[in-house]
Amino acid sequence: MRSDRIKKGFERAPHRSLLRATGLNDGDFEKPFIGIANSHIDIIPGHYYLQEYGRIAKDEIRKAGGVPFEFNTIGVDDGIAMGHEGMRYSLPSRELIADSIETVMNAHQLDALVCIPNCDKIVPGMLMGALRVNVPTVFVSGGPMKAGHLHDGTPIDLNTAFEAVGKRAQGQITDAELYEIECQACPSGGSCSGMFTANSMNVLCEAMGVALPGNGTVLALTPEREALVRRAARRAVEIAADERFRLRNLVNRDAIHNAMVVDMAMGGSSNTVLHMLAISREAGAPLSLRDIEEIAGKVSHIAKIAPSLATVHMEDIHRAGGVPAVLREAARRGGIVREDALTVTGETVGERIRGARTADPELIRPLENAYSPVGGLAVLFGNLAAEGAVVKTAGIQPSMRTFTGEAICFDSQDEAIAGIMGGKVKPGHFVVIRYEGPKGGPGMQEMLSPTSLIMGMGLGESVALVTDGRFSGATRGACVGHVSPEAAEGGVIGLVQDGDRITIDVAARALTVDVSDAELARRREGFRPKRRDPGSSWLRRYAHLVTNAANGAVLRSTDL
């Protein structure tokens, strides 16, 4: 066992002495040491109860013959961090979480790992760190929250609350109506109830085989979720000494491919592209945006969940058959699903999905009745995004899939919010928000506030938005993000001027600005990218080391 390095031999008497101080005895030194990376934090609805899941996991590990050691990571709630300087810390927190997992696991030479994440950057951060450690690992998330409901029974979620702000600003709803939405949108603990970033990443963990079936869709704070935690903890002990289940043996090119298949079939958050680029690099099987676009062209979009379809939430998809049913339906197009990929249960993906059935063909549609013959995410290229940009096609109205608009430029999210609220954005505009990329922000803020304002103010079918920042998984509409190169590194998005004509053509996978190469070259002659001092030593370091979105916004280490 790896942990023998800290517990075997006379030389390790001091180490054992310290371990005895934590309650270990002679018999424990013969057992596998299992790390539990928890992300309990009181302020996040999907995490405030994870301390109890950690306790359950420890109990099960002991019963199964292991010795548990629980430790914690930090966490950021993107919804609470939204719309102010706190959002600059969200994406950087992914790197801190990955580093902390690597640090604790390798410093103490633990044999296996149970990861208990749930929201936003915590899932990919844990997965990146666990891949570096490369011990047998099982993921079990905290689970999605229930959908909220208004007094008339209408299902709502957090995105409803964000869009309600725009409606209130326009006088379309009253303070009382806004208050009802505020009080009902998030009715329980759990990750926000739609196919937002947290649930998207938890679904992808299931698709990659690093989590048990149900990980992405079983509701939080239910007996079924608790049982999932128990099974995951026991499984970590069972595989602790089995080389087949070292994490990089599971998260290989086939598993990453399957994750992107499910992502496209379910129209996941655009943030999944950013995270899977980063995860694939840690796995030693790097994806590119071209790879992702190739997969998108072969996978039908068969499930729509909020925000793409406001009435459908994760609990509905679970009742309809969950991720196994989605994979099984996608696999009907031969060769799309890599069915030989091994999962943490010891089954292959093919074996896992063989008995899956779709209980509601309107929620998980057959291929013959797909929403689209291609995936719910798309990668765009063009002179405005030479290295690529990402759009959630699942959330775009058909009338906006091809759109040309007049650029109105903002050099920060704050400027854009003020401009939208102040009535500067009109039908026919193509909003440009720049200097919000990984380096320029720094931190690549999510643009849920401006996109929700656009939708809430009734501009969703007449205004598009493009940014080198990113979006919440709750964003919908003609919103293109992750533009690379970003403005801060000299990207063309920094050269766009008010009045330029910008075109998005989803079918052609194109994002262009109608400005000649000669004119762009002329503008570049006097162009100096803006530099923003974040007033934080951590964010300064982050800005210095981070790559652009086309590379997953990972930190460079080669120049250190």
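Glycine too: its Cβ is placed from the backbone N, Cα and C atoms.
What Swiss-Prot says about this one:
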{"type": "ACT_SITE", "residues": "SER472", "note": "active site, proton acceptor"}
{"type": "BINDING", "residues": "ASP78, ASP120, LYS121, GLU446", "note": "Mg(2+) binding site"}
{"type": "BINDING", "residues": "CYS119, CYS192", "note": "[2Fe-2S] cluster binding site"}
{"type": "MOD_RES", "residues": "LYS121", "note": "N6-carboxylysine"}
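Shown in sequence order, GLY75, VAL76, ASP77, ASP78, SER90, THR197, ALA198 are the residues of the chain, 6+ apart in sequence, with a C-beta less than 8 angstroms from the C-beta of ASP120 (Mg(2+) binding site). In this structure, the C-alpha atom of SER472 (active site, proton acceptor) lies 12 angstrom from that of CYS119 ([2Fe-2S] cluster binding site). Take the binding-site residues ASP78, GLU446: by the count of other Cβ atoms within 10 Å of each Cβ, the lowest one is ASP78. In this structure, the CA atom of CYS192 ([2Fe-2S] cluster binding site) is 14 Å away from the CA atom of LYS121 (Mg(2+) binding site). GLU446 (Mg(2+) binding site) sits 15 Å from CYS119 ([2Fe-2S] cluster binding site), taking the CA atoms of both as reference points. Here CYS119 ([2Fe-2S] cluster binding site) comes close to ILE44, GLY46, HIS47, GLY75, ASP77, ASP78, GLY142, SER191, CYS192, THR197, ALA198: these same-chain residues lie at least six apart in sequence, with C-beta atoms under 8 angstroms from its C-beta. For the recorded Mg(2+) site, residues ASP78, ASP120, LYS121, GLU446 set the reference point as the centre of their Cβ atoms, and the other residues of that chain within 8 Å of it by Cβ are VAL76, ASP77, ALA81, MET87, SER90, LEU91, CYS119, THR197, ASN271, SER472. Neighbour density for CYS192 ([2Fe-2S] cluster binding site): within 10 A of its CB lie 30 other CB atoms from the protein chains shown.
Under the three-state DSSP scheme, ASP78 (Mg(2+) binding site) falls in the helix class.
DSSP assigns CYS119 ([2Fe-2S] cluster binding site) to coil in the three-state reduction, placing it in neither a helix nor a strand. The Cβ of LYS121 (Mg(2+) binding site) has VAL76, ASP78, SER90, LEU91, SER93, ARG94, ILE97, HIS275 as same-chain neighbours under 8 Å, each 6 or more residues away in sequence. Reduced to three states, the DSSP call for CYS192 ([2Fe-2S] cluster binding site) is coil.
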